[in-house]
Amino acid sequence: MFSTTTYSLLATIFLVLTFLFPYSEAQLSSTFYSSTCSNASSIVRSAVQQALQSDSRIAASLIRLHFHDCFVNGCDGSILLDQGGNITQSEKNAIPNFNSVRGYDVVDNIKSSLESSCPGVVSCADILALAAESSVSLSGGPSWNVLLGRRDSLTANQAGANSSLPSPFESIANVSSKFSAVGLDTTDVVALSGAHTFGRSQCQFFSQRLFNFSGTGSPDPTLNSTYLATLQQNCPQNGNGSTLNDLDPTTPNTFDNSYFSNLLINMGLLQTDQELFSTNGSSTISIVNNFANNQTAFFEAFAQSMINMGNISPLTGTQGEIRTDCKKVNGS
């Protein structure tokens, strides 16, 4: 029999562990839907595959949705909520998301298919995690066992989206700080930045590098001169800020390690991309070199970092709900 003192000690240890490891994956499981919706993963994968046939950008867009969801109040599907009812400020309208984040229609299609097959079972938050994995593996990248069992939030946090999401204009130190705030480390920063191996970015998110970088009156000195000329042509001063450019000009629709090879020759599109390699003394440089020279190492690290990110503060058990429509809280 345990004494009262032993019980108190065990309770104290549990509280300490909970404090030290708040991003626990213990309640998530890759087999969470095995008895309630065994075809959930295949339904999601099929929908992503179909979407890719008409939209080569959608894979990168779906990963970004998951990323922008997890960094704000955890991976809880809050980014999907429209404004209305109790949602007075949607995360969709936050500065990093407005007219930028996309793929909501694909998520709605996936949810509709899942509700037909297994009504009220699969959360919108888990759809984002599954869609991200399908997007990567269908584009030539790694696959991984997605941990599942997240539930959907009842609220959104637009202010949190405005403050917590990394900006393409920030220093690597600031970006790393935002990753650290959600329990992710430097390897996660570099590996997850590698998602920019496909997808597009609007001129407005990097044009400050092309003509008057940091008020110098000159372009960013870390930009490859040939690449700079191409970007200046695509994004002229006072031009259309929404013009799209490949994040990886080498293999724009394939998930590979070309993103890191590009950084070695100063062909990172965003300031935050190139800073991973061009910031003197940064601990990110050796990781970039490793990933540029070893695609397997990148793929393994990326898969693990996606799992790490997916473990950020999920709602589980009886927390939140399973939305029947990802755009709104049940009953609203």
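Cβ coordinates come from backbone N, Cα and C, glycine included.
All TrEMBL annotations are machine predictions without curation.
The active site, proton acceptor feature in TrEMBL is assigned to H68. Taken from TrEMBL, the feature Ca(2+) 1 binding site applies to D69, V72, G74, D76, S78, E91. Per TrEMBL, the feature substrate binding site maps to P166. What TrEMBL records for H196 is heme b binding site. Summarising the annotation, TrEMBL assigns Ca(2+) 2 binding site to T197, D248, T251, D256. What TrEMBL records for C37-C118, C70-C75, C124-C326, C203-C235 is disulfide bond. Positions annotated as domain 'Plant heme peroxidase family profile' by TrEMBL: 27-330. Sequence annotations record features per position, and here TrEMBL assigns signal peptide to 1-26. Residues annotated as site 'Transition state stabilizer' in TrEMBL: R64.
Annotated features taken from TrEMBL, shown on the structure.
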residue : record                             : Cβ within 10 Å
C37     : disulfide bond                     : 19
R64     : site 'Transition state stabilizer' : 22
H68     : active site, proton acceptor       : 23
D69     : Ca(2+) 1 binding site              : 29
C75     : disulfide bond                     : 28
C118    : disulfide bond                     : 16
C124    : disulfide bond                     : 29
H196    : heme b binding site                : 25
T251    : Ca(2+) 2 binding site              : 18
C326    : disulfide bond                     : 22
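The recorded positions shown are G74, D76, S78, C124; of these, the one with its CA atom nearest the CA of C37 (disulfide bond) is C124. Separation of the C-alpha atoms of T197 (Ca(2+) 2 binding site) and V72 (Ca(2+) 1 binding site): 24 Å, rounded to the nearest whole number. Counting every protein chain shown, the Cβ of S78 (Ca(2+) 1 binding site) has 29 other Cβ atoms within 10 Å. Checking the recorded positions (C75, D76, C118, P166) against D248 (Ca(2+) 2 binding site) with a 10 Å Cα-Cα cut-off leaves nothing. Other Cβ atoms within 10 Å of the Cβ of D256 (Ca(2+) 2 binding site), summed over all protein chains shown, number 19. Counting only residues at least six positions away in the same chain, the Cβ atoms of F71, N174, V175, K178, F179, T272 sit under 8 Å from the Cβ of P166 (substrate binding site). Cβ contacts within 10 Å of E91 (Ca(2+) 1 binding site), excluding its own Cβ and spanning all protein chains shown: 30.
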